[in-house]
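Listed features, source TrEMBL:
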DOMAIN    78-113  domain 'EF-hand'
DOMAIN    114-149  domain 'EF-hand'
DOMAIN    162-197  domain 'EF-hand'
Amino acid sequence: MGAIYDKVLDMDHDLEDLEMQVVRYKPEGLDVLCRKSKFTRKELQIMYRGFKQVECPTGIVNEETFKEIYAQFFPQGDSSAYAHYVFNTFDHDRNGSLSFEEFVMGLSVLSRGTLQERLQWAFNLYDINGDGFITKDEMTDIVSAIYEMMGRFSEPMIDENTAKEHVDRVFLKMDINRDGVITFDEFMETCRRDENITKGMAIFDTVL
């Protein structure tokens, strides 16, 4: 009986700790977020209310919850892989969860950012390991994830070979010095002079 009692006490302590974490969590001052993002104070208030009540009652969202939110927008495709990569791009401090601030800043860039800001975000998305270069394998992973998410909506249907051909074509354009990796400068230069690639960036406007 003593062991069971101790276990119950431990569970109570865990719940108290969780409650304290939730109570302590407060979003960054709205005025600060207004200055840093492209949203108004009123928009931020509405977003935070929805963020807490509907999606993330604790004010923090983990990756699994983020994937569930994504799945609601793409019910006929498999969005889990793409949601994983987007989550990592939003999660600036790499702690495995998104605060309201991180959520707002990511959404601000995607929904109202300049072309330069959105291309910077897209480069970070493709640069999966964060080393400042995009490899063909990284580009293939992202493009395949996008096709898994959107492919069923495409006519004709997109298959694995289509994704590979797309990556080969785009990578060849972007790897200007043919060293097998794409730098940020190469990425930006190619996007600026190739209107088709720039239009392709519109896929990221559908993130949330």
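Quick reminder: no glycine exception, Cβ is built from N, Cα and C everywhere.
Break the domain 'EF-hand' (78-113) down by DSSP state and the numbers are 24 helix, 3 strand, 9 coil. In the predicted structure, the domain 'EF-hand' (162-197) carries a mean pLDDT of 90.
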